[in-house]
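Take a look at the structure below.
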Amino acid sequence: MPAAVAGSSRRSGRRRPREEAGLKRANFGDSPGLPTLLLLPQLLILLFFFFIPSLRALMQSVLLSDPFGTNVQFVWFDNFKTLLASGDYRQSIAVTFWFTVAQNVLTLGSALVLAFATDRIVRGRSAYRTIILLPYAIAPAIAGILWAFLFNPAVGPLAQVLHGLGIAWDPNLNPTDALILVTLAASWKHICYDYIFLVVGLLAVPVSLMEAAAVDGAGPIRRFVSIALPMLGPTIFFLTVMNFIYGFFETFAIIDAVTKGGPAGATNILVYKVFVDGFVNLDLGSSAAQSVLLMSFALICTLLQFRYFDRKVNYGV
Amino acid sequence: MVERSPVLNMLCHAILIAGALTVCIPLYFAFVAGSLTVAEVQKVPLPWLPGGQFFDNLQLAWSKGNFSRTFTNSIIVALGITAGKIAVSLLSAFAITYFRFRYRMLAFWLIFMSLMLPIEVRIVPTFEAVANAALPLQWLLDTLRVADLWRWISGHEVAIALEWNMVNTYPGLILPLIASATATFLFRQFFLTIPEELCEAARLDGASPLHFFWSILLPLSVPNMVALAIILFLFGWNQYLWPLLFTTDKEMATAVIALKGLIPRSDSEPAWNIAMSGALLTMLPPVLVVLLLQRWFIKGLVDSSK
């Protein structure tokens, strides 16, 4: 898609139907009026809610202003320097890293096992699939609340099981417990996403290959590891990137509904810190600098995601 | 698949049952807790079987969460986002696949760039944009010194202060979430698979571009629209960050935000039974959508991330 960008359609003296990326051969010609009108709603919304705010974030990130916006000073990269030197921010990076990696491993691992099992069985496949897909419909905030109840140290049934085993479980006080709680909730909500892509991906693995391997004496697990898994490579890569995006950005609701970043910043992931610093502490410069760093991260993720499209085309998986 | 291996099949069923149980356990306990009284829900250990308070709790949660109002808000916002995204993306996809114009690639790249900027990362500036959507225009006027110019022309002192506050309004909840690169690309991909002959025939018959769009392209796109609409409805219903920021007025809150108010905090009565009833209520519409429209849902999910 992005690789196949044609040059701008310069108007030469004579109109000559030229192949152009993503343009129908039979098209409605050169008049710019109607297409502009058609694009206008999308572009206006993008302008107001994407481009101007992004530019503002870039500008604010090099400014220092007091909470009332009366005194604004241009400070170059001071906001970034302060940010990277601050222990809070480093803690937030570490928390986000562990949270996202743990969630990624748990989600992708479980989804792979479940997808393998679904691919093997014939009976009851759609019933299992329906149930496993359910969490996709449930808001991250609600997923968080459900797990917060299960693990609530006073009333939660799973917390009671843990207490029965002699584990002093309390996510309100213990940072590790809190991180485990939000990781479980985030993974529970997201396994279904990886699962459905893997199930669809497995359907595309040629039966003839599997049969040939079976004739050669490879067992079901061996076939899965040596044939299906490599063919799922691009899908797994794509899912890893998507899991990172999910962990970084979409888990905001879980954190806000369950732990509010606590205890002691143990679950204060980066996107939650942007919110707290911007809206609660009113430290606009720092919040904007954090936004800019997160944007760069999102940019890298999106570019990585596009490798998936290229490889997908090549292998036809 | 190829050979029979009953042991492995049993193991697979066991794995899937474990997966299904993991999905169901939180839901089951939400149901159990939602059917108990406050006193029962605090008992250790929590009963494993539901009590008799289910409908009373639902009623209480419904009134405590102001759900008759917040559910309406959620429906309006979710449908607004769904319809808006589909409309806006269909039009853009039509423009960039069926017209040859000078800024086609530029428009394509502008839309593409928005994909790289998840809205979560610029919370504060986007809030400013919603708090006063006229702000960019104001900057323009200020930069161009329009007020000075006017004073110079007419001799009158004027202060131009533009304001369009969208906080606590439906447009404020819906508009920032409507632009969609993925939906645009989905429709673009789909349009590229439509036979060229259809457009040629339409042009030979003298159909205008809009006529072609309305009577040929749109009907052909219905399956894609339905699949996408399901995903977008879930996305809209489950929104959290923006309703949280843009609704300072409780009457404008969405169901998910209202639910947050039902969670017991450490200093309040642990009314988890009401909170769980509220959670069940709030998740019901999207869960029903997924259960009823499953085939379309899977298609939408897989399509919309291509």
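First residue shown is number 1, and so on along the chain.
Any Cβ shown, glycine's included, is placed from N, Cα and C.
Curation does not apply to TrEMBL; its annotations are automatic.
It should be emphasised that the depicted structure is a prediction, and the values quoted were computed from it without experimental measurement.
In TrEMBL this protein carries:
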- B:7-31: transmembrane segment (TRANSMEM)
- B:75-99: transmembrane segment (TRANSMEM)
- B:106-124: transmembrane segment (TRANSMEM)
- B:173-191: transmembrane segment (TRANSMEM)
- B:212-237: transmembrane segment (TRANSMEM)
- B:271-293: transmembrane segment (TRANSMEM)
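Note: the stretches the transmembrane segment (B:75-99) and the transmembrane segment (B:7-31) are not in contact (fewer than 3 CB pairs below 8 A, sequence gap of 6 or more). In this chain, the transmembrane segment (B:106-124) does not touch the transmembrane segment (B:271-293); fewer than three CB pairs sit within less than 8 A of each other, excluding pairs fewer than 6 residues apart.
Under 8 Å from some Cβ of the transmembrane segment (B:7-31) lie the Cβ atoms of residues 46, 50, 54, 276, 279-280, all in the same chain and six or more residues away from its ends.
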